[in-house]
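K.L.:
Sharing a structure here in structure tokens format.
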Amino acid sequence: MSISQSSARDKAKILAEALPYIQRFHGKTIVVKYGGNAMVEENLKQGFARDVVLLKLVGMNPVIIHGGGPQIDLMLKRVGKQGEFIQGMRVTDAETMDVVEMVLGGSVNKDIVNLINRHGGKAVGLTGKDGAFIRAKKMLVKDRDKIGEWISIGQVGEIESVDPSLITLLDSQDFIPVIAPIGVGENGESYNINADLVAGKLAEILRAEKLILLTNTPGVLDKNGQLLTGLSAQRVDELFADGTISGGMLPKIGSALDAVKKGVKSCHIIDGRVEHALLLEILTDQGVGTLIRDL
Ligand SMILES: Nc1ncnc2c1ncn2[C@@H]1O[C@H](COP(=O)(O)OP(=O)(O)O)[C@@H](O)[C@H]1O
Ligand SMILES: CC(=O)N[C@@H](CCC(=O)OP(=O)(O)O)C(=O)O
């Protein structure tokens with residue numbers, strides 16, 4: 001057999017092996033959080049878009065929620081502001097909120113929509129203000145210095161409710177929703193919401209089969225930098241307590257746990273810097289990253 005014949009055979013074998021996964025997830029909703037840190041290289045972004053289109057074409061309903069923390073930081077720098085985070089949340093004054101809406105609702109959202117469409121999908125970009133589908137209120141965080149007290153970090157939102165009808169309508173017409181994590185308050189004010197929290201809540205409300213969080217680490221790492229392939233709720237509590245989990249990983253794990261407790265079948269934190277990480281996770285039995293379970 002020639003080399004080209006054997007490599008064609010290998011390819012056919014891999015395609016055939018995807019069949020049980022395609023059958024299992026056909027018609028199911030897969031919520032994908034695309035982190036700002038995973039959107040680093042052009043070829044990876046193209047690969048991500050192709051993977052999403054493929055999932056849709058084989059009958060799944062991918063719903064994309066994107067972040068854009070590093071992209072917001074870049075724009076803040078340009079206008080002479082320094083980004084500040086408290087407990088993984090960006091302190092958001094009115095000027096920062098304008099930048100967040102411009103970057104997340106504008107450039108990052110449209111960039112992803114355009115990429116997916118160029119690869120043959122029908123993506124539609126939304127923020128939670130469209131159809132007022134993500135209602136939010138001001139989030140307060142615990143004051144580290146004064147026990148029992150809470151502080152404001154500006155226009156940072158926590159989700160009050162999500163109306164899934166706009167998303168299901170788009171799904172039913174073969175569109176791929178691409179959502180920027182911006183919510184609307186009762187007086188029409190904008191809220192900057194951490195994208196992991198939006199992804200977790202949407203996965204719950206849409207009764208998703210899977211929640212996949214694409215980020216810039218191989219998964220959740222222990223104190224020695226080793227990948228933790230599976231995490232139970234109890235183990236997560238221990239990792240929170242001993243400080244192994246910090247910064248941007250805090251909201252990720254928090255929302256992953258919430259989602260699995262509320263019925264999402266599985267949640268995975270995976271490395272978006274690996275080519276075709278999405279396909280590896282969904283269509284092969286090669287487990288990648290960290291699986292969070294409700295045990
Ligand atoms: N235990 C941990 N394992 C892996 N990453 C961690 C851990 N604790 C904190 N982190 C940090 O969380 C980051 C991922 O969160 P974040 O920067 O918000 O990414 P994203 O833009 O994908 O949401 C990692 O790059 C790492 O610096
Ligand atoms: C309140 C809050 O922190 N909002 C985030 C929203 C974007 C985000 O979550 O982006 P990543 O997923 O790339 O981290 C922010 O302003 O950076």
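Backbone N, Cα and C define each Cβ position, glycine as well.
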K.L.:
Kindly point out which candidate in Asn192, Asn216, Asn224 is recorded by TrEMBL as part of the substrate site with Gly68, Gly69, Arg90.
P.N.:
Asn192
K.L.:
List the residues in the vicinity of the substrate site, defined as same-chain residues other than Gly68, Gly69, Arg90, Asn192 with C-beta within 8 angstroms of the site's C-beta centre.
P.N.:
Gly36, Gly67, Ile72, Gly83, Val100, Val103, Leu104, Pro181, Asn194, Ala195
K.L.:
Around ligand 1, within a Cβ distance of under 6 Å, which of the recorded positions Lys33, Gly68, Arg90, Asn192 show up?
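P.N.:
By the Cβ criterion, which requires under 6 Å to ligand 1, there are no hits.
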K.L.:
Which of the three DSSP-derived classes (helix, strand, coil) applies to Lys252 (site 'Transition state stabilizer')?
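P.N.:
Its secondary structure by DSSP: helix.
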